[in-house]
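Below is one structure, written out as structure tokens; comments come after it.
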Ligand code: MEV
């Protein structure tokens, strides 16, 4: 085999971002926005995407460059040409770095017949994210590998939810590393206040699990909105996110909250299927970029 294309999905959090970094429960869903990596045997290492063409380049392609280096420890990679295409906006809380990492690992794994299974791919992906971001939970890389709705850290697969999912992008870059570090500082300064907030977020995920199983979208929505209030309390919201969140709620969403690290990036709204277009238009009217999507069962896969 000389050439292979693999893709992996992005994700949204129903509940639990930030708290999951401290071992609390979270529920995350893979969504139908994918990053595609085509790998072809070559004499040198070449990486290309809309960001430009280069070789190993830890500034422009930190995740892909690290995957090539890590996989070279497992197998003999003399050269490889990697072409990346993505539907997932970068640095927006939708797991773009996990998706490109996981799709690249699987493409090299299959091309060089390394024999890595899904758990190995998720673990390797997590170690690469952790090295680059400083602190990273295993959530993004696990969900991108396995797909579906997943409760972490238990790694328990839940039923797929099939309501409308509308993402609103503020268009403002958000650094996960910076936001995780801001929360760590707040927790250090005010442990008696911040620790109970993080454990309440974990409890929201545990309570939400039963509602996800029964597809009780209105109740999931109530919990997501409470979770949003707590994310605001730990300092990861922003005026732009708040505008999109309230626009979505006022337009008929069950719920709307930050997804991912916050500080910019994206919010997510759960909606009745019939209201998704209306919620997307409301997000656009207040300056956001709206994406209507759905939860997907498909984690990393080969594209034909
Ligand atoms: C980022 O998508 C989610 C955070 O909880 C960080 C992490 O889990 O690594 C903020």
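Glycine residues also receive a Cβ, built from the backbone N, Cα and C atoms like all the rest.
Features as listed in TrEMBL:
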DOMAIN    63-148  domain 'GHMP kinase N-terminal'
BINDING   89, 90, 91, 92, 93, 94, 95, 96, 97, 98, 99  ATP binding site
ACT_SITE  140  active site, proton acceptor
DOMAIN    214-287  domain 'GHMP kinase C-terminal'
Mapped DSSP class for residue 89 (ATP binding site), helix or strand or coil: coil
Composition by DSSP (helix, strand, coil) of residues within the domain 'GHMP kinase N-terminal' (63-148): 52 helix, 7 strand, 27 coil
Other CB atoms within 10 A, centred on residue 89 (ATP binding site): 19
Other residues, Cβ within 8 Å of 89, 90, 91, 92, 93, 94, 95, 96, 97, 98, 99 Cβ centroid (ATP site): 10, 88, 260
Cβ atoms near residue 95 (ATP binding site) (within 10 Å, other residues, all chains): 31
DSSP-assigned states of the domain 'GHMP kinase C-terminal' (214-287) in counts, ordered helix, strand, coil: 42 helix, 11 strand, 21 coil
Pairwise CA distance, residue 95 (ATP binding site) versus the residue listed as 'active site, proton acceptor', rounded so that it is a whole Å: 6
Cβ-Cβ distance under 8 Å to the residue listed as 'active site, proton acceptor', same chain, at least six residues away: 11, 28, 95, 97, 98, 129
Average pLDDT across the domain 'GHMP kinase N-terminal' (63-148), rounded to a whole number: 95
For residue 99 (ATP binding site), nearby residues of its own chain (Cβ under 8 Å, 6 or more apart in sequence): 8, 9, 10, 34, 35, 86, 88, 144
Neighbourhood of residue 93 (ATP binding site) by C-beta distance under 8 A, where only residues 6 or more apart in the same chain count: 17, 174, 176, 258, 259, 260, 261, 262, 265, 266
Residue 97 (ATP binding site), number of other Cβ atoms within 10 Å: 26
Listed in sequence order, residues with CB under 8 A of residue 91 (ATP binding site) and six or more positions away: 173, 174, 175, 265
